[in-house]
Structures are given as structure tokens and as C-alpha cells.
């Protein structure tokens, strides 16, 4: 911050946006190749490139904020605006799935048998695994709030324990969702019901895995005393993201599982 007369962080040139874009392209191309040829080599290479980019990029951001002091109050304020806009974009992303779901379910076409769920589809019981998943995810929302409150009081040990419990619940949710996918009596190719079910819940599951990774990084940083009562935006952003995932699941449970049954 020497000789800097403003509060903004002027970042140094970085290769990570380029490698991240390349990794995303390889990942998307690898998915297409996997679907058509059952070859996962390009998919694995793209995923590895993306993971390495994420690790290096996050490392640089942590160094700039924690050790170099570049994240001033003004920078943190702009980061909050950025996170709010990002979550807003995610809201509209999922809104498209809900729009499609209600578009086809409120007025089913003759091709679907003029009923919802379509003829031949046996929906999952919303009172079984989906209800357990709801309880698990809502519990994780409570534990992450507990972690945040105790951290704000300076009790980092209890905050770490609550955060680890949240991570365990997130991993448990993912495992339950995977077991549910393996037992569903329909596939993604079974009419618009199957495609909407797997795409909507699948993207939500992907967000849960991303959020769990986000929280794992925060747990590591919390253990290394990177966060203080006044300087912990990375942790706060992870909490916002996790609560967003909770809320989306509630709408999915009501719309896909309960309404869809």
C-alpha cells in the first residue's frame, strides 16, 4: 500500500483468468465427448485444469487480503456488491428451471397424457429421502449461523466445530442425493419430467458441492486465524451462498418433489 493515495486494490497481471477459461472450455467439451463416446480423458483434463486454477487463484487472493492488506474497507464493500450480484444471477438461473416446471405442469399437453406427472412416470415419495434431505440442509443452515455468531463473539474454537458440522451435513446431503439418483425409477430421458428433475436437482447438487468446498476453505482459514471479527468477508460470502442453496432447495422440494408427486 506504499505511495497509494486511494483505497482500491489495483491487481497485478494474473494468468488465472485465462487458465480458468481454458479449463472451463475443456470441461464443457469433455462433457460433450463423454456423453457421445464414453471417453472421459478430456473431461478429467479440464477438471484438473480448473481445480489447479482455483487453488492458485484462491491462494493469491488469500495472500493479498490476509498478508498484504490490499482488501481495505472500500474493497470489501465492492466485494459485497459483487457477491450480491452473483447470487442474484444465480436466482435467475434457477428461476428458468422453475418457470419451465410450472409451464409444463400447470397445463400438461396431450403428449404428456394431459396430466402431471406424465403417464408412465412414478415420482419419488416426498416424505422419504427428499424430506430427510430437507432436514439435513436446514440443519446445516442453522449450524453455519451458529458458527458465524460464535465467531463474531471471538469464540473461534466453537465456530470451527460448528463449521465442520456444516461441512459434514453438506457432504451427507450430497451422498443422499447420489443414492436417490441411483434408485429413481425414471431417467433424464423420460419426458420433460425426467429432464427437469435431474437438471434442476443436479445443478442444485452441484451448487451444494461448490458451497461445501467454499466452507472447507473457510474452515482451513479459520483454523489458521485468517479471520477476525471485522475482517472475514470470505467467510461471510460462503455463508450467504450456503443460505441461498438452502432457500433454493426449499423451492425445489415444494415444486419438484411435493408438487411433482
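A Cβ is built for glycine as well, from the same backbone N, Cα and C atoms used for every other residue.
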### Task
Identify the topological domain of residue 188 and of residue 258 in Swiss-Prot, and say whether both name the same side of the membrane.
yes
### Task
Six or more residues out from either end of the transmembrane segment (73-105), which same-chain residues have a Cβ under 8 Å from its Cβ atoms?
7-9, 112, 116, 192, 196, 199-200, 203-204, 207, 231, 233, 236-237, 240-241, 244, 248, 251, 255-256, 259-260
### Whole-number mean of pLDDT values that fall within the topological domain 'Mitochondrial matrix' (224-232)
84
### Query
the transmembrane segment (129-152) and the transmembrane segment (233-256): do they have three or more Cβ pairs under 8 Å, with pairs 6 or more apart in sequence?
yes
### Query
Which sequence positions outside the topological domain 'Mitochondrial intermembrane' (106-128), separated from its termini by at least 6 residues, show Cβ-Cβ distances below 8 Å to it?
180, 184-186, 190-194, 253, 257-258, 260-261
